[in-house]
Amino acid sequence: MTETTNPSKQQNGDAVMPETSTRDDVFDDSYKAKEGPKPPMRLVWRNIILMFLLHVGALYGLMLVPSASALTLAWTALCFLLSALGITAGAHRLWSHKSYKASTPLRVFLALANSMAFQNDIYEWARDHRVHHKYSETDADPHNAVRGFFFAHIGWLLVRKHPDVIEKGKKLELTDLKADKVVMLQRKYYKLSVVLLCFLVPMLVPWFLWDESLWVGYFIPCLMRYALVLNATWLVNSAAHMWGNRPYDRNINPSENRFVAFSAIGEGFHNYHHTFPFDYATSEFGMKLNITTAFIDLMCFLGLAKDCKRVSRDLISTRAQRTGDGSHKTG
Ligand code: ST9
Ligand code: ZN
Ligand code: ZN
């Protein structure tokens, strides 16, 4: 694959419009579609089997829902929310994009919540996400949506990575992640933390506190909840890279998708997010359909987070008029 750079992309994966950018810069999509000859897909049977079993178990968990107590269902919702925040407020907005600053207690909380989500450790997640932003829709994008919905959604976890992902990923600036003791500690004890927080705690709490059966505890708050968080996350890579308006930049695939925003607790405003990746709200509309933004605001109120980065209304409007598809209200 030919090395290309997009003038609106920074080394850490953040895309920003340079003050001096010209119309040609803005519409330069030469970084897209530079696909080299496809290496053969190498299936990873261990992942295929485990993902199949997980989804069968999750469907069985869904069938068990009527037999679960109200407390168990409330606990499942809480586990969903906590693990989702470990991804959205933690791995994504804090560690991948540095869009706000978090105190040590909050970082510890988010790292634990992240282990509950079991989506690779924070270091690996943020590294892959930075390479996704910097090389979106190319072979170096781990979940390149040009390869279709299935690949972007789950398929990318079932095959070996394209060599460009690893080659380009190795050139990324990751010193901030390496310098964060919480990130490195979570990486060191990742497997243990996943066994405890993704599997044992969700299953044992209902059994211990209100006599739910271990069977229901295993299939509903554990497997079904895990599969739901995974699929909500993957929808951002698949659906939100395919369907929806592009009010801020019509030249990129990421789109505004309200269904995804709802299920991914605020992460479906993906055209906005790829246009202004440093914005802590990942959306123009603040807390609307965006539990994660409300959570970060609460953390700021409690003094546990600060320095939230935001894009000015003027810049949003100017950018929408210049590169949007016309669907922006002021555009
Ligand atoms: C999961 C992750 O689900 C989901 C992430 C989604 C991201 C979404 C983003 C959207 C925005 C945010 C929205 C959030 C919404 C949340 C909503 C919540 C309700 N750079 O990886 P290997 C090196 S995980 C540099 O084995 P293979 C690597 O260091 C689910 N280097 O590649 C290693 O070197 P060394 C659970 C890189 O062999 C070597 O390459 N997990 C990079 O091709 C090999 O690495 C799973 O299902 C890079 N980018 O295998 C499977 N990448 O040996 C977990 C790699 O020296 N993964 N390297 O250390 C795997 O099994 C494998 O990675 C594989 C590829 C089979 C997929
Ligand atoms: Zn992002
Ligand atoms: Zn994306």
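Cβ atoms are placed via backbone N, Cα and C, with glycine included.
Per TrEMBL, the features are:
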{"type": "COMPBIAS", "residues": "1-13", "note": "compositional bias 'Polar residues'"}
{"type": "COMPBIAS", "residues": "21-33", "note": "compositional bias 'Basic and acidic residues'"}
{"type": "DOMAIN", "residues": "75-277", "note": "domain 'Fatty acid desaturase'"}
{"type": "REGION", "residues": "1-33", "note": "region 'Disordered'"}
{"type": "TRANSMEM", "residues": "43-63", "note": "transmembrane segment"}
{"type": "TRANSMEM", "residues": "69-91", "note": "transmembrane segment"}
{"type": "TRANSMEM", "residues": "189-209", "note": "transmembrane segment"}
{"type": "TRANSMEM", "residues": "215-236", "note": "transmembrane segment"}
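Beyond the ends of the transmembrane segment (43-63), by six or more residues, the same chain brings 154, 157-160, 219-220, 222-224, 226-228, 230 to within a C-beta distance below 8 angstroms of the stretch. Below 8 angstroms of C-beta separation, residues 54-55, 57-58, 60-62, 64-65, 67-68, 72-73, 75-76, 79-80, 83-84, 87, 117-119, 152-154, 198-199, 202-207, 257, 259-260, 263-265, 267-268, 270 of the same chain, each at least six residues beyond the ends of the transmembrane segment (215-236), sit close to that stretch.
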